[in-house]
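Residues annotated as signal peptide in Swiss-Prot: 1-24. Sequence annotations record features per position, and here Swiss-Prot assigns repeat '1' to 24-81. According to Swiss-Prot, the disulfide bond annotation covers 27-120, 31-116, 40-126, 52-95, 55-73, 56-91, 62-104, 119-137, on the basis of similarity to another entry. For 88-145, the entry in Swiss-Prot reads repeat '2'. Taken from Swiss-Prot, the feature repeat '3' covers 152-209.
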């Protein structure tokens, strides 16, 4: 019986270890010599406690944790209409008992009216709506160089007549210089550039525990 219990404990430990590796992949500590600086969002966050939610119903942009600060998951749902904050997809209303609190971005937004744009040319991070507040789409384009704010991909210049206004994040950014990092170890949300302002890549790593706000994949310094 004792051997059986030990075997179960070992199996449980291996499952937890495998789960940790699933969330994180190894990054080298080498400096990418092309990278000179990064432009990163300067975000405030709020801690939301006493939650009854689950990973599916949790809000996109929020990270959910257990009582001891262990990362559980990222939220998967987002609002689809300015008029009602319903989930985009069907999720159960059951509470995930592992989740104790969430860390969510505290974002200001701006309403942009009188638009002539389309879903392809619309800005990433913006949500576009019809005149009556019905959700149309998320913008798909982002700037690819600090020097010129061109679209990342080829989009038509035609107006999507369904789109009347957009809700866009009002973000502050910070410029981080003197970096020794690489694309894998760079922070998610940051864009990395060469000395002449040419876009190199987006960072790929994010923190997974509130108690330990280090990079998920590496200890390469980014700030």
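For all residues, glycine too, the Cβ spot is worked out from N, Cα and C.
Small disclaimer: the values here were computed from a predicted structure and weren't measured.
For residue 137 (disulfide bond), the same-chain residues that are 6 or more apart in sequence and have a Cβ closer than 8 Å to its Cβ are 119, 122, 127, 128. Helix first, then strand, then coil: DSSP counts for the repeat '2' (88-145) stand at 0 helix, 21 strand, 37 coil. Considering only the disulfide-bonded residues 31, 55, 62, 116, the Cβ with the fewest other Cβ atoms within 10 Å is that of 116. Mean model confidence for the repeat '1' (24-81) is a pLDDT of 82. Counted within 10 Å of its Cβ, the other Cβ atoms near residue 73 (disulfide bond) come to 19, all protein chains included. Proximity of residue 52 (disulfide bond) to non-local residues of its own chain (separation of 6 or more, Cβ distance below 8 Å) is seen for 95, given in sequence order. Note: the CA-CA distance between residue 91 (disulfide bond) and residue 104 (disulfide bond) rounds to 19 Å. Listed in sequence order, the disulfide-bonded residues from 40, 104, 116 having a Cα within 10 Å of the Cα of residue 56 (disulfide bond) amount to none.
Considering only the disulfide-bonded residues 27, 56, the Cβ with the fewest other Cβ atoms within 10 Å is that of 56.
Look at the Cβ of each of the disulfide-bonded residues 40, 95 and count the other Cβ atoms within 10 Å; the largest number goes with 40.
When other Cβ atoms within 10 Å of the Cβ of residue 119 (disulfide bond) are tallied across all protein chains shown, the result is 16.
In sequence order, 62 are the disulfide-bonded residues from 40, 62, 104, 116 with a C-alpha within 10 Å of the C-alpha of residue 73 (disulfide bond). Using Cα positions, the member of the disulfide-bonded residues 40, 55, 116, 120, 126 nearest to residue 104 (disulfide bond) is identified as 55. Across the structure, residue 27 (disulfide bond) and residue 62 (disulfide bond) place their CA atoms 24 angstrom apart.
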